[in-house]
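Just below is one structure, and these are the notes that go with it.
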Amino acid sequence: MALKFGIKGQKREDAANANGRAPVKKQSAGELRLHKDISELNLPKTTAISFPNGKDDLMNFEISIRPDEGYYQGGTFIFTFQVSPSYPHEPPKVKCKTKVYHPNIDLEGNVCLNILREDWKPVLNINTVIYGLNLLFTQPNDEDPLNHDAAAVLRENPKLFESNVRRAMAGGYVGQIYFPRCI
């Protein structure tokens, strides 16, 4: 019986191709859910979304965040999102393309955000992740750091931390590490 359905499906596809229509690509459950998430996005005014590979590749996109308050005010930070076909059962993979002096983002762009790891649940969505990323810039967390040096400075000397953030965003060195301009 399964063979019969397979042959019927192939005949239907062949007929569609004969009519000059391209074969219809079947979307994964992850693609369908992501399409729904993106169509329902409610982005904060500090955030924009772009699709560098075109709108046909929804599984890979970029978010730019331009905080309007806090230590990172005026900077522009770009994040790449790679969404697997098993989304929402797996969280998206998020990396920061902008080199940033931040306790929760390391120098390779890895992001420490609990909802991208152990606290991910399929009921969460892209909007939730974007709001979480925005929160990292208004409320950096020194208790769960990826950049331990930045976290220690934030915890022990917030004025020096602010100075280091400003220097890094303007395009300069913090210690031995150079940060490209992002303001």
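Keep in mind that glycine also has a Cβ here, set from the backbone N, Cα and C atoms.
In TrEMBL, the feature region 'Disordered' is placed on 1-27, out of the ranges 1-27, 28-54, 136-162. Non-local neighbourhood of C112 (active site, glycyl thioester intermediate): N104, I105, D106, N141, D144, P145, L146, each in the same chain, at least six residues away, with C-beta under 8 Å from its C-beta. Helix first, then strand, then coil: DSSP counts for the domain 'UBC core' (29-174) stand at 49 helix, 27 strand, 70 coil.
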